[in-house]
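Q: Quick one: structure below, then a few questions.
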Amino acid sequence: MPRPRKRFAQHWLKSQAVLRQIIAAAKIQGCDRILEIGPGRGVLTRELLAQAQSVVSVELDRDLCKSLRHTFNDQENFTLLELDFLNLDVAAELTEPLPNKVVANIPYNITSPILSKLLGRIDAPAQPVYETVVLLIQKEVADRLVAEPGSKIFNGLSVRSQYLADCELICPVPASAFKPAPKVESAVVRLTPRPYPQPVQNPQWLSTLLKVGFSSRRKMLRNNLKSLVDRDQLSECLNTLNISLQARAEDLSVTQWIALSDSVHPSQV
């Protein structure tokens with residue numbers, strides 16, 4: 001069996017308890033078609049194949065692909081794609097019916113682009129591709145996905161993710177659950193993508209506001225956004241929305257960000 005490679009951020013999940021938590025969180029039924037990112041040695045893959053209609057696993061490591069083909073050679077409901085998931089064109093490379101759920105222990109070093117590919121982007125609205133996304137990720141990222149407004153860890157990722165999906169923390173996962181043990185703690189999260197359109201007039205404008213608004217966390221929102229919106233007009237909008245003039249970006253909820261975006265859009269002010 002190939003050894004884990006640092007350049008691929010590979011850590012093999014060895015905890016059966018965590019494996020059961022992942023499977024339970026996905027609520028897999030016999031009709032489900034699963035997309036798995038980074039199957040590694042196939043520990044999770046085996047459980048998915050036992051419960052789902054089909055599993056498509058995407059793996060970049062050539063040696064692991066060779067091992068996976070040997071292990072699951074007799075599984076008719078298993079498809080292995082040897083490529084970088086970030087380069088996968090689901091519609092072009094997979095046949096109908098396409099996967100409806102994602103269940104994966106993903107490489108932590110590319111978590112952000114994976115989330116963008118799975119959930120989409122605020123500035124590029126699209127109908128959700130997947131019903132459910134269950135991921136084993138770094139706990140620091142998981143905590144931000146489910147963070148509450150006003151907390152120190154609530155940031156742009158929190159707003160974007162919660163705008164695009166219902167985010168749930170399923171369970172923490174200690175480093176000892178892996179071999180080799182990573183230097184960080186992990187967690188299982190379940191993301192349920194929200195159908196578009198969300199109630200915002202201009203998604204591109206909201207995306208810009210978030211990027212600029214969270215650019216300097218110590219500054220008040222009025223100062224961060226002054227390059228986009230006249231300070232007096234912004235103050236008036238904040239007052240109308242019952243948002244403190246001293247508010248910082250992390251103090252606003254997703255709903256408040258949507259309301260602010262609509263209020264200060266150039267067509268409205």
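Glycine is treated like the rest: Cβ placed from N, Cα and C.
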Q: Per Swiss-Prot, which of N105, N109, N155, N202 sits in the S-adenosyl-L-methionine site along with H11, L13, G38, E59, D84?
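A: Swiss-Prot names N105 for this S-adenosyl-L-methionine site.
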Q: Given the binding-site residues E59, D84, which one has the fewest other C-beta atoms within 10 angstroms of its C-beta?
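A: Per-residue Cβ counts within 10 Å for the binding-site residues E59, D84 bottom out at D84.
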Q: Tell me which of the binding-site residues H11, N105 sits in the most Cβ-dense spot, judged by other Cβ atoms within 10 Å.
A: N105
Q: Among H11, L13, G38, E59, D84, N105, which the record lists as binding S-adenosyl-L-methionine, how far apart in Å are the two most distant Cα atoms?
A: 20
Q: Cβ distance under 8 Å to L13 (S-adenosyl-L-methionine binding site), same chain, sequence separation 6 or more: which residues?
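A: Non-local contacts for L13 (S-adenosyl-L-methionine binding site): L19, G40, V43, L44, N105, L136, A177, F178.
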